[in-house]
Amino acid sequence: MDASSFLTGLAYIFPAYVANASPVVAAKILRRTRPIDCGRVFVDGRRVLGDGKTVEGFVVGVLAGFLTGFVMRFLWSWLFGLFEVFLLSLGALLGDVGGAFVKRRLGLKTGSPAPVLDQLSFLAAALLLIHLFHGLPPWMDTATLASLFLFTIFMHVATNTFAYLVGLKNKWY
């Protein structure tokens, strides 16, 4: 894999990055939010998702990711279609919600760290949705995928630390 493949892959998944980060910003801007799980508990007696996953955050995330990809198409029309952008954005949020579901089943509270799960669930779900409903681009090889997953771990920690330092998050992780 060369640098060009990695950078192309990074541009390809960028809408998923934006979709995953946007709910944090939305939570600070919006005064009232509704939990996706409406306060319901699962069969294990724990909340399904918790207060940290909101309807507004989910919608803002999908829209922000989609709009990012829409704008990027003007620069790189060959990179992805709008259906792919939608799948990347939706998949990122579904992965984040899925990660919260797993964390609640493990007894971890909202905001508790779950290394690797916190960093990669959004990316794995975004790429899985693309794979299932559209197919990964032919240039997305194993080396590019592996490098994107590794990069995402470090990028996630860096962006969360930044969000903490500027007051968008209560914890650095």
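Along the chain as shown, residues are numbered 1 onward.
Positions of Cβ are set from backbone N, Cα and C atoms, glycine also.
Feature list (source: TrEMBL):
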{"type": "TRANSMEM", "residues": "6-26", "note": "transmembrane segment"}
{"type": "TRANSMEM", "residues": "55-76", "note": "transmembrane segment"}
{"type": "TRANSMEM", "residues": "82-102", "note": "transmembrane segment"}
{"type": "TRANSMEM", "residues": "114-133", "note": "transmembrane segment"}
{"type": "TRANSMEM", "residues": "145-167", "note": "transmembrane segment"}
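With a threshold of 8 Å between CB atoms, the same-chain residues lying at least 6 positions outside the transmembrane segment (55-76) that come near it are 11, 14-16, 18-20, 22-27, 30, 33-36, 82, 84-86, 88-90, 92-93, 96-97. Counting only same-chain residues 6+ beyond the ends of the transmembrane segment (114-133), those with a CB under 8 A from a CB of the stretch are 13, 16, 19-20, 84, 87-96, 98-99, 102-103, 106, 108, 145, 148-149, 152-153, 156-157, 173.
Residues 1, 6, 9-10, 13, 17, 21, 24, 28, 116, 118-120, 123-124, 127, 173 of the same chain lie 6 or more positions beyond the ends of the transmembrane segment (145-167) yet place their CB under 8 Å from a CB of it.
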